[in-house]
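As written in TrEMBL, here are the features:
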- A:64-178: domain 'ABC3 transporter permease C-terminal' (DOMAIN)
- A:17-38: transmembrane segment (TRANSMEM)
- A:58-80: transmembrane segment (TRANSMEM)
- A:114-138: transmembrane segment (TRANSMEM)
- A:158-182: transmembrane segment (TRANSMEM)
- A:203-223: transmembrane segment (TRANSMEM)
- A:243-267: transmembrane segment (TRANSMEM)
- A:287-308: transmembrane segment (TRANSMEM)
- A:608-630: transmembrane segment (TRANSMEM)
- A:664-686: transmembrane segment (TRANSMEM)
- A:698-719: transmembrane segment (TRANSMEM)
Amino acid sequence: MYLKLALRNIRRSVRDYAIYFITLLFGVAVFYAFNSIGSQQILFDMESSASASVFESTTQLLGMFSVVVACVLGFLILYANQFLIRRRKREFGTYLVLGMTPGHVSRIVLYETVLVGLISLAVGLICGVLLSQALSFFTAALFGTTMSNYQFVFSPDALVVTLACFAAIYVVVALFNTFTVSRCKLIDLIRAGERNERAGVRNPWACLVVFVAAIAVLAYAYQQLIANGLVMLDQPEFVRATIAMLVGSLMFFWSLAGFAIAVLTRLRGVYLRKLNLFTVRQIASKVNTAFLSLWAVCVLLFFSITVFSSGMGFVEVFVGGVEKANPYSATLSAGVWYGPDGTTGSSAGERERRAEMEADAPDRLALAEEYDWDMAAALEAGAPELWAETIGAWAQVSMWSLPDMTYDPIIDAAETVASPEAMRIDDLGKVRDTAVAVMSLSDFNAARTLQGQPAVNLEPGTCGLVNNMEIVNALAEAVAKAAPTITVADQELTVAGPIYDTQLEDNAMAATALIFVVPDEAVEALGAEGLIPTTQTLNVMYADNGKTAAENDTALGDIVAATQPSDMGGFEQGRSGAGNAYANLLWPVTRIITAHEMTDQSAGMRLMITYLALYIGFIFLVSTAAILAIQQLSQASDSAPRYRILSKLGCDAGMIYRSLLIQVLVYFLVPLALAVCHAACAIGVLSDSMFDAIGVNTFTPIMMAAGLTIVIYGGYMLVTYLAARGIAKTALTEG
Amino acid sequence: MAEVYTEPTPSAFGANPTDPGTPLPLSADDRSALDGLAAAFSRDAYAPGASSAAAGRVAQGAGASAAASHGVHAAAPRPAGSPILSVRSIEKVFGSRDSVTHALAGVSFDVAAGEFVGIMGPSGSGKTTLLNCVSTIDTVTSGHIIVGGRDITGMSRRQLAKFRRDDLGFIFQDSNLLDTLTGFENISLALTIKGEPARSIPGKVNAMAARLGVDGVLSKYPYQMSGGQKQRVAAARAMVCDPKLILADEPTGALDSRAATVMLEIMEMMNTQMGATIMMVTHDAFAASYTNRVLFIKDGAVFNELRRGDESRDAFFARIMEVVSFLGGEAGHVS
C-alpha cells in the first residue's frame, strides 16, 4: 500500500520532480560516459605503447576527478531532496493526522527516493552508454584519426563504478530523508504553509557599506591578479587574490539585494511601475535568504567557465608547440656523464669528467673514443643494414660545458640593461651556478640544415646565441643587448648577432636555453684540453622507406639495441623509464625521443585535458543550474498566495508571468554575470602571462565555453520559467 | 426624485416590535417590492448616499408574516445615476449532475453609491460565494452583475482583471498584504498595477495612509505591524485607487475587539467622509451595526434586510442581533 502511495505521489508531482530527475539523469549519464573512456581504446589501432598509456592515464585522472564529481552530485541530490521534502511537510502532516506513524511516512519517502533513483539510474545509464559512443567519435577527432573499425563500446567497469557511486548517494539521501521526516513535529508539518517570510530584510545602510566594500575587495583581487600575472598556484599573491575574490563575492551576494533596493526605490519612474516593485522585492527576499548558495553557485560557475575555457588553452601550452619542438624524426641522446646526483653540469667539474667516466664506465669511454664520439658511426656499425634502410639523414650536436665559467657574469652583464624581475631571474633557479654551455658552429649549422633552416656564419671574435625557451627569452634578449664576452679555451668571444630559436633536439617543448655557438676551433681547443662533451644528441630523419613512423621507431630501437651490448642491460630494458634510468649506459645512447611518440603523447594530453575540462565544466554547470532551478521553483510555489493576491488586485496573468520571467532571469543571470567577470579576469591574466606569449588562441575555447553555458544554463532557465509559470497558472485558476 | 416610504416594521420574527416605523428612504420600485418577502429582497432596495445626513430610517425586512408595506416619499435626494452595483437573480451551482448544490439561488439586490452594506448569514449560506461572484474571483452560473453600468458576467479574463484594478477595492479577513513589501509598497502596488504615473504615487499613498492613521507604519513590513495596522493598510490599498466599490470580506474577523472597533470606525469614516461605497461580508453583528443596511443571506437567497436609517448604532445592533438569533434559533430547530 505504501509503495502504491509512493508511486502515485511521484506521478502526481512529476512537475516538481522534473528538474530533479533531469539533473540526476545528466549526472548518471555523464558520470558513466567519462568513466568509460578507457574502454574506447579497443576502437583505435594502438600503434605504440604511448597511445595505450594515454588511455590509461586519462582513465585514471578522470577516475580521480570522478570522486570530486560524485561528491558534487551527492551534495546536489541531497540538497534537491531536502527541498522537495520541505515543500511537502503539509502532506506528511496529513498522513500523520490520518494515523500513520512517522515510520510509515518515512517508508513512503524512502520508496519514492528509491523509485526515482532507480528510474533515473536506468534511464541515465542508457543515455550514458549512448553518450559514450558519441564521445568515441570525439576522441577520434582529437587524435586526428578516423575510426575504421567502429563497434559498440560498453564498459562494465564504468557501469559498476556508476552503480556503486549512485547507490551510495541514494543510501545517504534515503537516510537523510528518513531522519528529516521522522524528526518533524506534527504541529510544524500542519502549520508549514502559514509561516510568514520574515528572513531577508537587512539594514539598508549596512548593505550599502558592505556592497561598496565588496566591490573594493573584488577590485583588489582583480588588481592583485592582473598586476602579478599569476600562474603559480602557491604564490602568496595568488592565495590573497583567491581569498579576496571569495570573500568579495560573498559580501556581494549578502548585500546585493539591499543595495539594489536602496538604489531602485530612488528611481521612482522604474520602481513604481507596474509590478516592478513586487518583482524587485521577490528577487530581493530570495537573494537575501539564499545568498550563501548563490555565492557557491557563482564560485562553481566561475570554476567551470575558467576550467573549460583555459583547459583548452593549457592543452596548447603543453602540446601546442609539439611540432615546432620536434623538428626531427627522432633524437638519440647520450648523457655522457650524469653527475652523482643525477644532474648534468658542473657538479663533477668539467676537467674531472673524463677521469670519472674512465673510472666508472671505461668500456663506454673506450667505445666513444673508438668512434671519435661519433654516435651515428657507432650505431651504423651495430646494425648497418637496418641503419641504411631506416635513417635518411642525421646531424650530431655535441654540447660542451666551459670548465672555468658559469652564467653568473653573463647574468650580471644582462642586469646592466634589464631588471632581474623583467628577466624573471628568480624563476630560473640555479642558472647562475651552471657552467656555460657551448656548441660548435658546424654542429649548429648541421642541425639547422637538417630541419631545413639556412646555415649561419660567425664574425671573427664573436659567438652566437641560441634560445627558444619561453621563460628565458627576456634574459636572452638582455644578454644579446649587453653583448658580454665569454672565454672559450683562452679565446675571447663577444656575443653578437640575432638570437637563434633553433630547436636542437626533439623534446616535449621548445627547450634550448642560452647556448652559445662558437667557432669550431674553440671547441676543438676544449677537446685538446682533455675535456669531453657534456651531452650529445643525434638528430635523425627517417629515410623515405614506405614504412610508418611507428615502424621506423621500432627499427630505431632495434638499431640501438644491436649497438648496446646486452650485458650492459640492453636498450630495451631501460626503455620504460626516462632519462636517468640509462645513466649506466652513457654512450652512445641513453635516451630516445621520437617525434611520433611526442605527437601521440600530446594527443593524449589533449584528450585528457579536454575531457577533464568538459567533465568538470559540464557537471558544475548542470549542478549550479539545477540548484538555481530548484530554488526558483520552490519560490514560485511558496509565492502562490502572493500571485493570488495580485490577481485579486487586478493583475492579469500576463503581468504576473512577466514578473516571473524577470525573477527567473535575474536570479540565474546575476551569479553568472559575476562568475563571468571573475572568469574574464582570470582568463585575461592567463592569456597575458601564458597564452599570448605562445600564440595560443583562446577565442575558440571561450566561444565553446559560452556555447555550452548558453545551452545548459539557458536550457535550465527556460525549463524553470515554464515550470514556474505552470505553478503560477495553477495558483491563479485555483484562487 | 427618490421616494421614501415607511413601514410598520413588524418583525418577521416577532422579536422586533418596537421599531418606530419611521419613513424609509427607498426607491419607488421598492414599495411594491417589499410587499412580499421574496420580492422584498430580490429588488432594487437601497438607501441613498449614506454620507448624506439624511440617511434613511431602517428598512425592516419582513418575515413571512410581515407583508405590509408603506410607501412614504422621502425628502432625501437619491444620488444621481443608476446604482453602483446591481445584482440580478444570480445563481451559482456547484457539483455535477448527480449532486447539485445551489450556493446561490437567485440573489438580487442593489447597492447605491455611497452606501455601506453588510451581508450577513450563517456558515454555508452563500455569502462568501456572493462576494466572490461580485468580486469576479468566481463566475456565476446564471444571472447578471452590473457594476457602474457594465455587466461583468460576460467579461473576458483580461477585462475582469482590468475591472478589478480600476473599479474594485478589496479588504480581506487576513489583510492579504504581500509579506515581502513594506506598507508603502503594498499601498503603491494598487496604483502601479493600474498604470498610475510614478510621480503622483507617493503623494496619494501618503495622503491616504495619513487619513487612515497608518502613516507611521509605511516603512514597516507586514510582520512588523499589528493586526489592526495591517487591516488599515489593506484598507488604504483598497481606497487609494478611488474604486467604485469596496468589497470587504470579514475585515474584523481576525482582530481583537479593540482593533476591530478602530477598523470599523475607519471604514465608517471611509464611507461617510470619503464617500466610499462598501459592501462588507461579516458574521459579526457588531461589525454589521456600522453599516447602513444589512442583507441576510440564507441557503443561497436573500432572506431579510435591515436598514439602519438614523437609528443609533446600539439600536441597530440590537435589531441585527434579533435576526441573527432568529437565524440561529431556526437552525437549531431544524437540526
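Every residue gets a Cβ built from N, Cα and C, even glycine.
Note that the structure is predicted; figures quoted are calculated from it, not measured.
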Secondary structure tally of the domain 'ABC3 transporter permease C-terminal' (A:64-178) (DSSP, helix then strand then coil): 98 helix, 0 strand, 17 coil
Same-chain residue ranges lying at least 6 outside the transmembrane segment (A:287-308) that approach it to Cβ under 8 Å: 72, 199-202, 246, 249-250, 253-254, 256-258, 612-614, 616-621, 623-624, 627-628, 631, 667, 670-672, 674-676, 678-679, 682-683, 701, 704-705, 708-709
Interface check, the transmembrane segment (A:243-267) with the transmembrane segment (A:698-719), three or more C-beta pairs under 8 A: no
PLDDT averaged over the residues of the domain 'ABC3 transporter permease C-terminal' (A:64-178): 82
Candidate ranges A:58-80, A:158-182, A:608-630 - greatest C-beta contact count to the transmembrane segment (A:698-719) (under 8 angstroms): A:608-630
